[in-house]
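What Swiss-Prot records for this protein:
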- G222, P223, P224, G225, T226, G227, K228, T229: ATP binding site (BINDING)
Amino acid sequence: MSLAIVYSRASMGVQAPLVTIEVHLSNGKPGFTLVGLPEKTVKEAQDRVRSALMNAQFKYPAKRITVNLAPADLPKEGGRFDLPIAIGILAASDQLDASHLKQFEFVAELALTGQLRGVHGVIPAILAAQKSKRELIIAKQNANEASLVSDQNTYFAQTLLDVVQFLNGQEKLPLATEIVKESAVNFSGKNTLDLTDIIGQQHAKRALTIAAAGQHNLLFLGPPGTGKTMLASRLTGLLPEMTDLEAIETASVTSLVQNELNFHNWKQRPFRAPHHSASMPALVGGGTIPKPGEISLATNGVLFLDELPEFERKVLDALRQPLESGEIIISRANAKIQFPARFQLVAAMNPSPTGHYTGTHNRTSPQQIMRYLNRLSGPFLDRFDLSIEVPLLPQGSLQNTGDRGETSAQVREKVLKVREIQMERAGKINAYLNSKEIERDCKLNDKDAFFLEKALNKLGLSVRAYHRILKVSRTIADLQGEQQIFQPHLAEALGYRAMVRLLQKLSNM
């Protein structure tokens with residue numbers, strides 16, 4: 001047989017489109033031609049495959065070899081096609097049994113010795129192979145992450161020779177499901193960060209509890225050293241473990257940039273904290289071959305932006321659309337790549353360049369403070385459901401070893417109960433309610449509606465802010481076991497508008 005057809009998977013975001021690899025051997029001057037829009041790393045497969053075949057004691061055909069990667073208009077990159085190209089050459093030269101090739105897909109890079117190396121984006125390939133009712137063969141290096149999602153359809157091998165002997169029926173390859181799934185163990189209780197580590201700041205802890213219960217975006221505002229970063233880092237310890245679907249979605253994104261997933265706690269929600277010097281591609285994704293950014297790596301978890309005004313304004317404004325849609329689409333000349341970006345945004349900032357806007361520590365004028373705060377656009381600040389001031393601790397607080405409030409485990413138990421209520425009522429968490437669902441689940445009596453409208457007019461808030469206040473009020477009512485939203489719930493939600501009050505105060509000075 002001079003023609004062989006082998007199947008593999010490309011990597012396009014969290015999608016893994018099918019690639020059909022056609023290998024043809026013909027008479028003529030020996031050579032190797034690769035067609036089908038390959039990137040440079042794919043073109044280099046010629047040398048890797050030749051050396052791998054020879055070092056695995058196979059014959060490299062002294063013929064004209066033509067390899068077509070179809071569809072031709074699909075960009076291909078990386079070394080993920082090395083193994084299927086090698087299998088195609090062996091099948092076309094009758095060095096292996098090709099009768100069962102149509103039921104397999106292959107994704108792995110080849111070392112010059114014939115060893116298989118892992119590649120990025122294996123989890124999307126596994127999920128796609130499952131839908132196609134084919135079995136996938138990968139490198140042992142990817143076996144741990146494959147064990148998280150594979151369903152008796154993924155084999156792993158160490159060498160090219162192992163794969164050939166398996167296809168010839170001479171030996172068996174282990175299934176990825178045979179790896180001990182340490183991920184099944186619940187590690188959430190081993191989080192060493194606890195709310196009781198933080199002295200005081202009970203008001204901020206209350207806001208953190210509300211944010212965790214309703215998955216609301218949260219902004220901490222206050223001088224340096226008051227515990228803003230510590231508070232934010234405790235949030236993931238208050239959140240429930242991810243569901244299987246959420247964990248698979250997050251793992252699919254993570255596998256695009258890592259060969260090894262942390263399968264010990266793969267169901268724990270991610271916490272991403274990029275530095276304020278992060279560029280647009282680093283935060284939202286990008287590159288010639290688009291890769292996920294921090295917002296996608298934080299999918300189903302928390303994105304924490306410390307020193308918020310120090311980020312470039314255009315970078316922060318790029319978050320506005322993903323915060324609403326839960327996804328980011330990166331357009332290139334030859335493709336549009338979509339990544340998930342459903343994350344909870346938590347940010348911390350100082351109220352002025354010196355860190356203070358009142359008291360003896362303040363060394364800036366109201367005009368300087370306003371210029372500093374104007375680095376943040378109004379539409380971006382509108383995306384925060386809660387903004388709360390985290391003040392300096394009162395004198396004597398550091399020596400106080402008394403009650404520090406509820407532990408993270410106690411708060412987490414409350415959060416789990418409240419989220420169950422929300423899922424039973426609307427099938428989603430409060431933060432994701434749309435306008436119709438807000439009208440249905442956040443009804444107010446006439447007196448309370450008038451109270452809220454009066455407050456909105458006084459604070460000059462937008463319709464988006466109105467909806468966010470109602471959703472926060474709904475979460476507060478859920479925490480208190482109330483079916484109806486009442487004025488105290490609205491008043492507390494309005495109290496979490498520290499940034500609005502600060503801007504009003506500065507404009508009146």
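Residue numbers in this text run from 1 along the chain shown.
Keep in mind that glycine also has a Cβ here, set from the backbone N, Cα and C atoms.
Note that the structure is predicted; figures quoted are calculated from it, not measured.
Just so you know, of the binding-site residues T226, T229, the Cβ with the fewest other Cβ atoms around it within 10 Å is the one at T229.
For K228 (ATP binding site), the count of additional Cβ atoms within 10 Å of its Cβ stands at 26 [all protein chains shown]. For the binding-site residues G222, P224, counting C-beta atoms within 10 A of each C-beta gives the highest total at G222.
The Cβ of G227 (ATP binding site) has 20 other Cβ atoms within 10 Å, all protein chains considered. Note on P223 (ATP binding site): other Cβ atoms within 10 Å of its Cβ, all shown chains, come to 21.
When Cβ atoms from all protein chains are considered, those within 10 Å of G225 (ATP binding site) total 11, not counting its own.
Those same-chain residues not listed among G222, P223, P224, G225, T226, G227, K228, T229 yet with C-beta within 8 angstroms of the centroid of the ATP site C-beta atoms are F220, A348, N350, V390.
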